[in-house]
Amino acid sequence: MTALADHDSIRAVQWRGDVLRLLDQRRLPAEESWLECRTAAHVRDAIADLVVRGAPAIGIAAAWGVVLAAQTGEALTPVLEHLRAARPTAVNLMWALDRMRARIEAGADAEALQREAQVIQDEDLAANHRMGALGAALIDAGSGVLTHCNTGSLATAGYGTALGVIRAGVAEGRIERVFAGETRPWLQGARLTMWELVHDGIPAKLIADSAAAHLMRSGQVQWVVIGADRIAANGDVANKIGSYQLAIAARHHGVKFMVVAPSTTVDMATPSGEAIEIEMRDPNELLSIAGVRTVIDGASAWNPVFDVTPASLIDAIVTERGVIERPDAERMRAMFDPS
Ligand SMILES: CSC[C@H]1O[C@H](OP(=O)(O)O)[C@H](O)[C@@H]1O
């Protein structure tokens, strides 16, 4: 398979000097519509409501939210706290805001903060291309891969993390079969990853989340390749709900398990996955699809939207700094905290 389109043409987060344009991911693939944020509060709401989502993308959007506040002379400390509280699991949000806070405390004005936000965005794009090459190199020619949720241009500054590895692996002729899990309940895989893959001309098959173990047993996939929202100091990984059971099934079937994330997703201050806060979202996201209720009135639901995969079930963590095979606390420290 050869990719036909320009991978970098999808830009979900667009800075326009005094307004942040966000591709409204709640409406894809049916509608490509844009939300214009002119205040930090608009950006905070867009992150909380999943207009923009994906760990790196929400950090980048929050950084631009700080710029909007600085341009209008808002008090920045409450703005930082308001943006930080938008979603709890993806550490990229906190990392980006800490980086902006450091610049504010160093006396940066709106112009300097705008330059910082642009650097954060540009660094993420560069990291994605480097991770694409590093991750693809782990995949033998003729392989099939399964991915989960959306980790592409919609979730990052462009190109993607796990989906970047898939783009690179297809372009290099290493990956012959691509499967994407629908990713209930928000359907990031069905609605977003398939949209990106069709946009790029990369043939892929959507599967029901419940078909994943059967697919692995069929021998059509050699790798599961996913993103991350927070990687703890011992290599445990918080990612979209359903990742953990993919890792269990993959280990059972001898399928390798790769996590792809920029170093801005690594949180060496969090010792293990047990300490990662898992976002709980509105149960109604489970009780209806596309606004159509699918469950009898009076029913309730439990809707954690992330889970934790222990490092012991992960074969490789790929970041722009390099690959950690069979991650553990010592190997994480060697790469991220060598002091
Ligand atoms: C490169 S995106 C990382 C991560 O973010 C997604 O979560 P959400 O769609 O709720 O923001 C998913 O867990 C991806 O793997």
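Glycine residues also receive a Cβ, built from the backbone N, Cα and C atoms like all the rest.
Site annotation for substrate in TrEMBL covers ARG53, GLY54, ALA55, ARG87, ASN239, LYS240, and the matching candidate from GLN14, GLN188 is GLN188.
In terms of local Cβ density within 10 Å, ARG53 ranks first among the binding-site residues ARG53, ARG87.
Proximity to ASP229 (active site, proton donor), judged by a C-alpha distance within 10 Å, picks out ALA55, ASN239 from the binding-site residues ARG53, ALA55, GLN188, ASN239.
Put simply, CYS149 (site 'Transition state stabilizer') is 9 Å from GLY54 (substrate binding site) when counted between their Cα atoms. Cα proximity to CYS149 (site 'Transition state stabilizer') (within 10 Å) is found for none of the binding-site residues ARG53, ALA55, ARG87.
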